[in-house]
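Going by Swiss-Prot, these are the annotated features:
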ACT_SITE  E187  active site, proton acceptor
BINDING   D50, D89, E120  Mg(2+) binding site
BINDING   D50, S51, D89, K118  3-methyl-2-oxobutanoate binding site
Amino acid sequence: MSMQTAKTKKITLNHLQAKKNHEKIIAITAYDALFAQMFDPIVDVILVGDSLNMSFFNQNDTLSASLEMMLYHTKAVCMGAKTPFIITDMPFGSYKDEKTALKNAIKVYKETQASAIKLEGGKEKAKLVKTLTNEGVIVVGHIGLMPQFVRLDGGYKIKGKNEEQQKKLLEDALSLEEAGVGLLVLEGITTPIAQVITQKIKIPTIGIGSGKDCDGQILVWSDMLGFFDSFKPKFVREYLKGKELVQKAIEQYADDVKKGFFPNELESYH
C-alpha cells in the first residue's frame, strides 16, 4: 500500500507518541491550503510556522508575525489537510504571561482546527505549559536554537557545544516533559545532546538541524524544495530545484505569449 493511500484517519497526539522508538515522525511546514493538500497523504505533522514571516513575507526574522497572521494561515492549512496533526506556532509576544497565553491559545482552538500550539522556551515556560494543558490545550515545546530569541542571542547560534549548554538543554527538556508538553522540537542542537534528550524523555522529539537520532524530522518546505538560493542552512537537504523549475516554466509562458503561441485553438472558445 502506498503512503498516499495508507493514512485515512486523523492523526492524534496518541498516534505520534506511540511512534517513539518504533517509527520516525515525518513533519513539514505549510502555510496555505494548496501545499497542505499536497502534503496531507504523506506527512504525519504539519507545522504552520511563524517562519512564514520570512518565507512568505520576506522579513529577516519571525518576530513581526502576528497572531492574526497565524490564525489566517492555520485556517487555510486546515482547509487543505485533513489527516495530519496540525500545529500552530504561537508568535512572539502572544504568550508573554499565563493570562495572555491562555487567551490566545483558546482563540487558536476556537477559530481553527489546529491540533496543538507550539511555543519556544525551556524550564522557565514549565508553569505556563501546565496552565495551558490543564485547560485542555496540547502544547508542543521548542528548545535549542529559538528564532524568537534571535536578537537576544545575537544571531542564529547552534546550541549544545559545551557542557553548560548541554546541561541546560536536558534540564529544559525534562522540565517541559513534566509540565505536560506532548512533543518537543529540538532545533539547532548538536547531535550528541539531541540523542541524549531523545533517550531520556518519554515524549517524541522532532529535530531540525539536530541530527538523525530524534524521533522525527521537520523542514521548511520552501527550503527543502529549493525555493531559496540566497542562503541554505547546513542541515537542509534540497529535494528539488523549485525556484529554477518555476522560473523556467514562467519564462516559457512569457515567451509563448510574446510569440502568439498561447493561447492556441484548442485553448480558445468558439
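Note that Cβ sites are derived from N, Cα and C of the backbone, with glycine treated the same way.
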Cα-Cα, K118 (3-methyl-2-oxobutanoate binding site) versus D89 (Mg(2+) binding site), nearest Å, comes out at 5
Mg(2+) site shell beyond D50, D89, E120, criterion: Cβ within 8 Å of Cβ centroid
G49, S51, T62, A65, M90, P91, F92, K118, L119, H142, P147, Q148
Using the alpha carbons only, what distance in Å do you get between E187 (active site, proton acceptor) and E120 (Mg(2+) binding site) once rounded?
10
Around the Cβ of S51 (3-methyl-2-oxobutanoate binding site), other Cβ atoms found within 10 Å total 20
For D89 (Mg(2+) binding site) and S51 (3-methyl-2-oxobutanoate binding site), determine the Cα separation and express it in whole Å.
9
Just name the winner among D50, E120, E187 (the recorded positions) by count of other CB atoms within 10 A of its CB.
D50
State the three-class DSSP label for the residue listed as 'active site, proton acceptor', counting H, G and I as helix, E and B as strand, and everything else as coil.
strand
For S51 (3-methyl-2-oxobutanoate binding site) and E120 (Mg(2+) binding site), determine the Cα separation and express it in whole Å.
13
Other than its own, how many Cβ atoms are within 10 Å of the Cβ belonging to D89 (Mg(2+) binding site)?
28
What does DSSP call S51 (3-methyl-2-oxobutanoate binding site) in the simple three-state scheme?
coil
